[in-house]
Amino acid sequence: MSHYLYAEGPADQVQNAARHLEVLFEEDGFAISNFEIDEDAKVWALSLYPAEEIADEALSRALDNLKTQDISLPLEKVTLPDEDWVSKSLEGLVPVEAGRFVIHGSHDVGMNTKGRIPVQINAGQAFGTGHHGTTAGCLKVLSEELKQIQPERILDLGTGSAVLAIALAKLLKQTIVATDIDPISVETSRDNVRINEVHPYVKLACASGFSHPIFKEEGPFDLIVANILAGPLCDMAKDVAANTMLGGRIVLSGLLPHQKAKVVAAYRQQGFHLLRAVEEDGWLVLVLQS
Ligand SMILES: C[S@@+](CC[C@H](N)C(=O)[O-])C[C@H]1O[C@@H](n2cnc3c(N)ncnc32)[C@H](O)[C@@H]1O
């Protein structure tokens with residue numbers, strides 16, 4: 001069993017709470033993430049990952065702190081029975097063909113991939129089984145892009161289950177940097193990377209945006225794929241630009257068609273131009289070049 005603290009609420013309350021809790025738990029080094037889960041309703045989620053043995057204490061410290069700050073957020077301890085999550089996520093998971101890849105669960109190992117590159121994903125608690133339009137869209141677009149370009153430094157920002165990083169590593173057999181703000185995703189990624197035997201290629205790190213030494217060590221990049229929501233993508237435009245080589249390409253997903261103009265404008269301001277926009281299952285994938 002593992003636990004974490006979780007709350008959903010209005011953007012300002014969640015962001016405010018995250019700022020205070022970051023200060024409160026700075027010395028403990030607990031990871032905190034906050035991100036938009038429903039852009040139209042402006043609902044955000046906050047997750048805090050305390051050391052397992054003091055999860056209850058962390059919850060009461062957090063609640064006391066929020067009360068003092070007059071922030072009302074229904075923070076609670078969430079239990080994750082690990083095995084159940086894994087098996088649940090695999091239930092009914094059928095293989096998904098996307099571009100040059102087929103994403104499948106452990107029960108389909110050995111299937112006929114019809115010439116596609118198999119990527120085995122045990123999603124566990126991380127996003128990215130290939131069943132979501134954003135993931136499938138990225139895989140299709142990357143398959144097309146890699147017919148035209150030969151990137152040397154590749155970053156998968158917001159890797160989730162590491163599905164994109166594994167697909168890229170299997171196809172290109174070269175280093176792929178894969179990062180996520182969520183430590184549970186990074187753990188899940190580590191397992192998936194090992195299962196797919198691409199551990200010599202995929203370098204994982206837990207990082208919020210670009211705040212980690214790995215970006216200096218491995219960047220700047222000539223291909224970045226980031227399947228994150230429109231809001232964070234806009235917020236990170238400057239950092240993405242700073243970590244992209246001149247002429248490098250970025251593949252952005254996690255946005256809806258009506259958010260295209262906002263995201264493109266944010267990246268235009270940073271010197272990118274739009275190469276193409278592809279729709280997959282109601283979601284948009286943008287390819288831009290610096
Ligand atoms: C929609 S999932 C994409 C997962 C996978 N790349 C895919 O295509 O299926 C977005 C991921 O981005 C991560 N994320 C959100 N905000 C982030 C940030 N500021 N920095 C790094 N990762 C972030 C989330 O934890 C989540 O795992």
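Yeah, the Cβs are placed from backbone N, Cα and C, and that goes for glycine too.
Just so you know, TrEMBL annotations never went through curation; they're auto-generated.
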Further binder of S-adenosyl-L-methionine named by TrEMBL next to GLY158, ASP180, ASN227, taken from the candidates THR135, THR244: THR135
CB-centroid shell, 8 A cutoff, S-adenosyl-L-methionine site THR135, GLY158, ASP180, ASN227, site residues removed: PHE127, GLY128, THR134, ASP156, LEU157, THR159, GLY160, VAL163, LEU164, ALA226, ILE228, GLY254
Maximum Cα-Cα separation (Å), residues THR135, GLY158, ASP180, ASN227 listed as binding S-adenosyl-L-methionine: 15
